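This report concerns only the one structure given below.
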Amino acid sequence: MVYLTALVALVLAPLCIALPDAVDYVIAGGGATGLPLAVRLSEDPSKTVVVLEAGESGIGNPNITDLRLNRGNFGTANDWQFVTVPQAGAGNRVQDQVQARVLGGGSAINSGMYLRGNKIEYDALETLGATGWNWNSMFSAVKKSEHFFPPTVAEIQALGLTFNRDFHGFSGPVALSIQAQNVSRFFPEFAVPTLRALGHEINPDPNGGNHNGASWDFLTALPDTSTRSYAVSGYYLPVANRTNLFVMTNSHVSRILWAPEKTKSGLLTATGVEYLDLKEAGGPKSKIINAKNVIISGSALNTPKILELSGVGDSSILQSVGIETRIDLPGVGANLCNQPITSASYLVKNGTVDAGNAIRSAIINVQPFNKYLDAIDLERSRKMLSGPPAGLSEPQFRIMKKMIETTDVPQMEFAWNIAADSNNVSTLTFDRIILLKPLSRGFVHINSTNPLDLPIVDPRYLNSPHDKFVFAKAVEYTRTIVNTEPLKSIIEGPVVPGSSVQTEADFLNDVNTR
């Protein structure tokens, strides 16, 4: 307790120092990107950096520090509690959109699971015009951010854990480890042999640009513990006493401030931000910070909101709520993409396996479509890809279609987890069946000028017929997995979806309504 009190005092100490009239950098959002960026910028002692975070500090909150308790943040003050509009492609259901509203952002409340994308995906960013954004530049940067703790020899021998040292950094601020404590023998004895029997690759380390196949789960946690390592503990706390770094929580950025006149070339100049101080006793109070540089790091859902409240966005949307258009930029809030996720579970025969007590799914299996669609379904998939769905640009669609057809890039994730209830009844759950690269595109936009109002969020889940088809087929494929030996020998039967779900139409209905 003394340790935590000291940390809180350390975090709040810079707030006692008066800000200069104009700081060098103000960053809207103290999340997984904004906070590390502030730390890096403040390495120059001549530069003053301010971070404005709408949420609390979260320091000392066990729901943050203990990965096992991360769901305790959902639906609380540490979550923006965004919800979608009814999703036409998913049974008109309203979906929660969990997003962190706390210092450290998603790194503070996520599951802690760590899996880098595919080299081809990163290189595609440069193909689309983001010069310098490619695998090689990204790979070099992320290795600097991590401190990988390899498993012990005993853990490697006990479970068959694998990794590649060349894919990792060993002196960065964020800890990375492979969970090895309390991991069930189910994984090396049943999961891995079953995956091999299905013809699925076993990937020794998915973090080197090719993550096809099944691999052991890497976690942003201190080794052999459930203690989270994240932006606050790794980046911020070691330097929180810097006198040129100001991290202000409960500070909700409402809009960007602009210079009254455009430059000679017709450009707008940002001069600072307006924010709401949520700590004021009489209620939120509007305040201003002047800055030479303004950085918006509010996430996929909040950054468009700040831009639109600042007059940057689609002029028709801005006019509809009475905001003067400063820059007509229709792409703001468009092209919203989010991954649909579901699960499937199966009852394990009593006494056949000890479920252990792992923190997360111990094995992550990511596969291209040809690993779970048969030849007939692959042809149906191909025919559905004749053109882009609404909202997806032609250049993006061509790249995504090529990734699907070449089978070099995984499209679906199956996370394997086994757990026992209080009666020692064990269940195998594919607790994250995720369509990794959906074609469906939606939007996020403001619907009022009140900065405290939540935006309208519409990811249009499963609006693309192709998305719904391959998603339902993935759930159906879990039946093939559990009917493959040696796993088949210990499975009692399906739990969710139940045994009555059998046909393609049944599985389509399941993903539409569950």
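Note: Cβ is positioned from N, Cα and C throughout, glycine not excepted.
Keep in mind that TrEMBL annotations are predicted by a computer and have not been checked by a curator.
These figures come from a predicted structure and were not determined experimentally.
Under the heading FAD binding site, TrEMBL lists VAL102, VAL253.
As annotated by TrEMBL, domain 'Glucose-methanol-choline oxidoreductase N-terminal' applies to 100-123 (among others). Mean per-residue pLDDT, taken over the domain 'Glucose-methanol-choline oxidoreductase N-terminal' (100-123), amounts to 96.
DSSP places the residues of the domain 'Glucose-methanol-choline oxidoreductase N-terminal' (299-313) in helix, strand and coil in these numbers: 11 helix, 2 strand, 2 coil. Here TrEMBL flags 299-313 (among others) as domain 'Glucose-methanol-choline oxidoreductase N-terminal'.
The signal peptide annotation in TrEMBL covers 1-18.
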Count the residues of the domain 'Glucose-methanol-choline oxidoreductase N-terminal' (100-123) that DSSP assigns to helix (H, G, I), to strand (E, B) and to coil, and report the three numbers in that order.
9 helix, 4 strand, 11 coil
How many neighbouring Cβ atoms, not counting its own, are there within 10 Å of the Cβ of VAL253 (FAD binding site)?
27
